[in-house]
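Q: The structure's right below; bear with me while I get my questions together.
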Amino acid sequence: MCIILCIIFCIILCIIMCIIVITKMCIIMCIVLCIILSMATQELQINESLAHLKTESESLKTKLEEERAKLHDVELHQVAEKVEGLGQFVMKTRRTLKGHGNKVLCMDWCKDKRRIVSSSQDGKVIVWDAFTTNKEHAVTMPCTWVMACAYAPSGCAVACGGLDNKCSVYPLSLDKNENLAAKKKSVAMHTNYLSACSFTNSDMQILTSSGDGTCALWDVESGQLLQSFHGHAADVLCLDLAPSETGNTFVSGGCDKKANVWDMRSGQCIQSFETHESDINSVRYYPSGDAFASGSDDATCRLYDLRADREVAIYSKESIIFGVSSVDFSLSGRLLFGGYNDYTINVWDVLKGTRVSILFGHENRVSTLRVSPDGTAFCTGSWDHTLRVSSSFSFSLFSVISLSPEVLLTHCVFFFFFFLQIWA
Amino acid sequence: MTINTLLVKEGCPQEQMACFRKMEKVIVAMQDPDMGMKMRNQRLLITVIPHAMTGHDIITWLIQKYCISEEEALHLGNLLVKYGYIYPLKEPRSLVLRRDESPYRFQTPYFWTSTQWPATELDYAIYLAKKNIRKQGELMEYEKERYSLLHKRINHTWDFVVMQAREQLRASKQRRKADRIVLECQEQAYWLINRPAVTCQRALGRNRVKSSNCLEGFLKHSEQYQNHDPIMQGCLPSNPWISDDAAHWTMNADVVPVPTRLRVERWSFSFMELLSDTMGRKEFMTYLEKEFSAENLCFWQACEEIRHGENSRISEKVNEIYKNFLAPGAARWVNIDSKTMYKTLEGIKRPHRFVMDDAQMHIYFLMKKDSYPRYLKSDLYKNMLAKAIVPQETKKSVFPFMRRQRHSSPSPAQAATQATEEDGRVKEAGQIAEIVSAQQRIRAVRKTL
């Protein structure tokens, strides 16, 4: 309002001056003044509308949160009070896989529960039999920083990609002399780095996410783009496919702090969650498919329920300062494993929200973590060039150790007398 | 790959401007007096609106000019309407191009999206005020909400807004009725593009479930699967990673003569568990064959193959499914309700990956609600459960420091190539056998002659 008054005032002033002293200078001054004023008002108008849009979007967001909160009548740890606590778990590293020349960035398990594929910064992708720690195949990619790799469900191929903006599929051949790189098939093409890739239920389709802010579904045979998913405002860092019956959705997390749930068939974003305070590095579905967990640079893991449409648990501790790079659930969904940038692995009780175990061993940050398909162990890859397969401490031995010393002593004394009697 | 569909006014990205310029070229070509579109006068109730065209004409012109198919022309026309270069006269809120006689008009260049004329709150308020004054109750729900919001926000200039609205209405009354309607339509179309009905309404109106119900689900799931979680409860005979003994994996391989008890128990947790286990699926198939409803599972499997198979073989597979399961009088006809059947048959004319989705869903839920619970109560399942072995826990070796030898296993890639080799050999053997039998028949015929 005042701006319009200012303009009117200035124009009137100029006109008066022109009437009094009709000189060229005056007229030029008037014109210049008018131009400056109009530019200023335009800029102010633009700023006004931007501010208005921002306030409008903020008000809508608060309204959405209010709607979500209406049906939230109980917290997860309250519901979980009736469940038995887990006590302290002991995890131990069972296998160490050495062979990469640089930081390990990603890994994936094969459906046969013992083979894994891993990729590293030096461009090497290695297929291991983790049980025997033998290397079975090795591929050298033409680019460095291979940030994504995946094993095909049939076990016959691996997909990998990274800074080359592409996702390539290598069929695994058993002929030792054959160069795997010769049969490479370039499937996905993005305009920025590939951050994650995953096969859908078969070898024929691949889902990829990229630093260009999109996810895409590709047909492996033809390399054709089947569907693209737009909606993230920044790099997409991770994705996971839903284990549900209909098998048609997936979740992705990005640098815009949002986790989006997408419908693979229509390409639409069905649900969106924005409660993290920093980039989301990893997302993983709960085994039943009704929820998913996310790990972020803000050092927390959060559990989001899809039916209640809200975050239901936060897994954090004041002593944990460094960000989470990857998360995964155990088979039953009771335990949540998180690999952290402070070189440790923390194991959380999903229902109670408490930490049940911490595993040391890596000498640099943990970059990737996956639980094996049958839940017997989990594998972690780290920037210290190694991969470690770990599992819970041996059960029968643990039960023996848990016996108190008095009981052990009485048992020994009893057996001693028993043998004495037999000999006598 | 990064074309944004949001119409952000401030800082319109380079890619969008290129699109707009191309669209404008198309529009200008359409309006060309010699090669352009045929304009007619459209009757809208009593008034006659000049320079309008029908949807049908637009599509025919696009097909002719760019030599494209009808589907592509419809798609292109739809985009022109969505971005506001052409607006419909009859149903202004539905920004779709219809192939029939519905009238459309070109938007005046003043209102083109590429002019980047900032659609300010003030202008929008003036537009809504005009609508309100003109006819009470003409504002839609979301427009009413926005109107009251704007009233709160720019309350200080509200008198100015109302004054401007009245002035503009008075000025427009002095125009001819046809011109007035045209200008109104143009303005309405412009604002529909720039202030669309917000999709956040969708998120606000979503069906949510109470927290207490959802969270109980997590407890139940954890409890159910607790015994099956090797990291939490250990596994029998032993965890291979701890004891270096791969017996656990050999006992739980895809095809074993006798499955373990835990595995058979898992089949009763959910239908998906049963179907995702190869042995479980085979057992279920045997059961269905006894009940004479095996075609349901076969149909479901065939649909899964389409959904996850190669793109190039989709039409071939769809045809096979139609022949075997859906055609009237087919050998293994599946029982689907008429609506789904009609929809599927229509979709088969243009086969794509998801054409069988509805039918597959229907059959899946049919099996889940009907056959699956009966299978769990059947003798077949109970016998399986009774037969199932509970492996003995391996004794810890006397010398705990001696490591067992870790045996390697055949690579899945090897198994796959062997399978294809065998298939090839079987096919070859079959072909040779056919040729031999054909030769024998020819010899037999020759002898009789």
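Cβ atoms here come from the backbone N, Cα and C positions, even for glycine.
Here TrEMBL flags A:50-77 as coiled coil. Look at TrEMBL and you will find A:97-138, A:187-228, A:229-272, A:273-314, A:324-358, A:359-389 tagged as repeat 'WD'. The transmembrane segment annotation in TrEMBL covers A:7-40, A:395-420.
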Q: Counting only residues 6 or more past its boundaries, what in the same chain has a CB within less than 8 Å of a CB in the repeat 'WD' (A:359-389)?
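A: Contacts of the repeat 'WD' (A:359-389) (Cβ under 8 Å, skipping residues fewer than 6 from its ends): 91, 93-98, 100-109, 111, 113-114, 116, 118, 120, 128, 130, 322, 325-332, 337-347.
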Q: May I ask for the residues of the chain that lie six or more residues beyond the repeat 'WD' (A:187-228) and have a Cβ under 8 Å from a Cβ within it?
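A: Cβ under 8 Å, 6 or more out: 106, 145, 147-154, 156-157, 159-169, 234-241, 247, 250, 252, 254, 262, 264-265, 267.
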Q: Can you count helix, strand and coil residues in the repeat 'WD' (A:187-228) using DSSP?
A: 0 helix, 25 strand, 17 coil
Q: Could you give the number of helix, strand and coil residues in the repeat 'WD' (A:273-314) as assigned by DSSP?
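A: Grouping H, G, I as helix and E, B as strand yields 0 helix, 23 strand, 19 coil.
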Q: How does the repeat 'WD' (A:229-272) divide up by DSSP, counting helix, then strand, then coil residues?
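A: Computed counts for the repeat 'WD' (A:229-272) are 0 helix, 23 strand, 21 coil.
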Q: Across the coiled coil (A:50-77), what is the average pLDDT of the model, as a whole number?
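A: In the predicted model, the coiled coil (A:50-77) has a mean pLDDT of 83.
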